[in-house]
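Chemist: Quick one: the structure is below, questions incoming.
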There are 2 protein chains.
Amino acid sequence: MNIRIGILGYGNLGRGVECAIRQNPDMELAAVFTRRDPKSVDILTPDVPVCPISQVEEWKDKIDVMILCGGSATDLPKQTPMYAKLFNVVDSFDTHARIPEHFSNVDASAKEGGKLGIISVGWDPGMFSLNRMYANAILPDGNDYTFWGKGVSQGHSDAVRRIEGVKDARQYTIPIESALEAVRNGENPELTTREKHLRECFVVLEDGADAAKVEETIKTMPNYFADYDTTVHFISAEEMKANHSGIPHGGFVLRSGKTGWNGETNHLIEYSLKLESNPEFTASVIVAYARAAYRLSQEGQTGCRTVFDIAPAYLSLLSGEELRKTML
Amino acid sequence: MNIRIGILGYGNLGRGVECAIRQNPDMELAAVFTRRDPKSVDILTPDVPVCPISQVEEWKDKIDVMILCGGSATDLPKQTPMYAKLFNVVDSFDTHARIPEHFSNVDASAKEGGKLGIISVGWDPGMFSLNRMYANAILPDGNDYTFWGKGVSQGHSDAVRRIEGVKDARQYTIPIESALEAVRNGENPELTTREKHLRECFVVLEDGADAAKVEETIKTMPNYFADYDTTVHFISAEEMKANHSGIPHGGFVLRSGKTGWNGETNHLIEYSLKLESNPEFTASVIVAYARAAYRLSQEGQTGCRTVFDIAPAYLSLLSGEELRKTML
């Protein structure tokens with residue numbers, strides 16, 4: 001029997017999960033749950049019900065893993081602990097500073113419900129975290145570097161959109177190539193915020209807005225832009241739609257480390273992602289971990305896990321024997 | 001108490017393990033075992049015994065993990081199953097085609113002895129395998145590419161050294177940049193052997209040897225060189241010593257995959273290593289997995305494992321709580 005997946009929250013991430021399920025022959029989409037009017041939600045998979053979130057409890061025995069696709073700011077801190085009592089769950093909680101607290105809430109709930117929860121799954125946190133951890137375990141003496149981009153930052157785009165006179169905006173985070181090269185060359189640079197990333201904004205103005213004032217407001221915005229070299233381009237709504245409607249992202253995790261009796265030997269470990277769609281890739285990672293959640297639960301395991309706690313083989317459709325034969 | 005490590009076989013890899021132990025404060029080197037005359041083996045760590053391999057059984061209760069540093073051709077197929085009856089073991093068995101058989105032999109022995117064995121640890125097999133596996137689980141629809149180098153291939157260097165008239169030789173495997181770029185650009189190329197790697201040989205001739213004949217013999221050697229574009233440089237013994245005494249290696253594992261309802265979105269996952277010393281890096285991976293072997297054994301687990309079977313957190317000196325706080 002296939003692993004029956006539920007999706008709770010149907011935005012870009014929920015749709016990405018729906019697409020990813022289709023690529024995994026051992027899984028099927030059982031139902032989508034939404035806070036909106038279910039009639040207003042068009043999903044892609046034929047013959048799958050879209051249900052109001054109030055009915056979720058009725059699906060307790062008809063869903064093997066519930067994937068929570070809400071936001072980290074307000075949805076997941078409540079939803080993941082709440083639903084971990086009823087379902088095996090996977091979320092993509094990405095507020096790094098609040099992960100310990102979230103872990104402990106989900107752990108308590110999942111244990112109470114006899115369920116298995118995996119939190120903070122995606123690429124950062126997620127695959128980037130894994131690569132930081134493996135690289136640190138292998139090279140204890142070294143330096144870590146993470147660069148993000150080139151990609152759209154939702155938070156920074158929103159910050160620009162809130163400025164008076166701005167109709168629409170898209171912000172790209174761009175790693176600075178010379179800084180990346182210095183790391184790759186083993187120079188172990190100490191990099192300031194400004195030396196690691198550029199910020200590039202594409203802005204559609206409201207009629208009659210003051211472009212110079214908008215640009216000044218962006219470039220001096222504390223936390224978001226003031227510490228970076230920022231460029232601002234004013235474009236038309238048509239150009240925005242034509243050239244900036246995707247949600248690409250990616251980045252680089254590097255560890256530069258030393259081995260040898262006196263640390264005389266240098267090594268570089270680099271992991272990078274180039275993603276045309278941030279939510280679709282995140283969804284693909286989540287779906288692989290949904291397989292792990294199901295299997296761990298089948299073994300009788302309960303409580304909260306992160307990517308650090310899960311043996312890689314649990315993610316794969318292949319058996320241990322097949323993995324050893326084809327991938328080792 | 002520290003994890004007490006034994007090293008069996010003291011060549012480049014054994015010495016790398018010795019250096020790596022020094023970088024991990026929860027470990028200590030208990031003893032080195034050798035088939036040579038122990039008096040002829042100079043190790044780096046003060047006050048650690050070098051013992052004849054015949055005495056290994058006496059150390060049964062004084063070593064937590066034995067790291068087997070022999071070769072894959074003849075040593076490890078015998079040694080790992082043999083010593084897995086007495087010790088938790090880690091090896092770097094790298095004959096890909098024979099891994100299933102080796103796994104099954106070690107599994108039976110380790111279970112018989114109530115011990116835990118981890119085989120095929122290093123970077124390929126090892127970290128490259130892990131990255132292939134994770135990337136395949138995340139992007140089920142895609143293509144895999146592995147490039148090796150720039151680095152020294154021991155097997156190919158040996159093959160050149162066996163040619164009549166050759167006094168010394170070093171062979172570098174070099175990935176072809178344009179092929180790598182085609183993969184990175186999402187072109188999903190089908191690459192022949194010749195299109196992926198170049199082979200570059202540095203050769204010191206015996207006095208009076210026929211250079212043209214040696215070059216011809218190298219370039220037409222089946223399996224090793226005939227399918228590649230190979231360049232041969234004749235150099236002096238002094239130049240060999242000055243410029244080619246290191247054992248660098250590395251490479252790239254890439255997966256180019258598609259997501260979206262109709263596979264319309266492209267992604268690239270890339271993992272790469274740039275290693276100044278192949279054996280020292282391999283040793284560093286092995287030592288991290290020795291920590292895992294110890295912990296799994298402490299939990300009462302027995303039998304054979306590979307990198308696929310081991311949750312990443314087992315490799316790290318940090319607790320789950322610290323990992324979530326600092327690396328997730």
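Sequential numbering from 1, following the chain as shown.
Every residue, even glycine, has its Cβ placed from backbone N, Cα and C.
Curation plays no part in TrEMBL annotations; they are all automatic predictions.
For reference, TrEMBL lists these features for the protein:
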type    : residues                                         : note
BINDING : B:10-13, B:34-36, B:69-72, B:92-94, B:121-125    : NADP(+) binding site
BINDING : B:Trp148, B:Thr173, B:Arg199, B:His249, B:Asn278 : substrate binding site
DOMAIN  : B:122-277                                        : domain 'Meso-diaminopimelate D-dehydrogenase C-terminal'
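Show me how these features fit into the structure around them.
Modeler: Every protein chain shown contributes to the tally, and the Cβ of B:Arg36 (NADP(+) binding site) ends up with 12 other Cβ atoms within 10 Å.
The number of other Cβ atoms within 10 Å of the Cβ belonging to B:Arg199 (substrate binding site), over all protein chains shown, comes to 22. B:Arg199 (substrate binding site) carries a strand DSSP state (E or B).
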Chemist: Sorted by position, what residues of the same chain at least six away from B:Gly122 (NADP(+) binding site) have a C-beta under 8 A from it?
Modeler: B:Ser92, B:Asp94, B:Thr282, B:Val285, B:Ile286
Chemist: Can you tell me whether DSSP puts B:Tyr10 (NADP(+) binding site) in helix, strand or coil?
Modeler: coil
Chemist: Given a separation of at least six residues and a C-beta threshold under 8 Å, show me what packs close to B:His249 (substrate binding site) in the same chain.
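Modeler: The list for B:His249 (substrate binding site) reads B:Trp148, B:Gly149, B:Lys150, B:Gly151, B:Val152, B:Leu273, B:Leu275, B:Asn278, B:Phe281, given in order along the sequence.
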Chemist: Name the residues of the same chain, 6+ apart in sequence, whose Cβ is under 8 Å from the Cβ of B:Phe93 (NADP(+) binding site)?
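Modeler: Non-local contacts for B:Phe93 (NADP(+) binding site): B:Ser72, B:Leu76, B:Pro77, B:Thr80, B:Ile99, B:His102, B:Ile119, B:Ser120, B:Pro125.
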Chemist: Express the distance between the Cα positions of B:Tyr10 (NADP(+) binding site) and B:Thr173 (substrate binding site) as a whole number of Å.
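Modeler: So the alpha carbons of B:Tyr10 (NADP(+) binding site) and B:Thr173 (substrate binding site) sit roughly 26 Å from each other.
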Chemist: Are there binding-site residues in B:Pro125, B:Arg199, B:Asn278 whose CB lies under 8 Å from a CB of chain A, and which ones?
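Modeler: Listed binding-site residues meeting the cut-off: B:Pro125.
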Chemist: At a 10 Å cut-off from the C-beta of B:Tyr10 (NADP(+) binding site), count the other C-beta atoms across all protein chains.
Modeler: 21
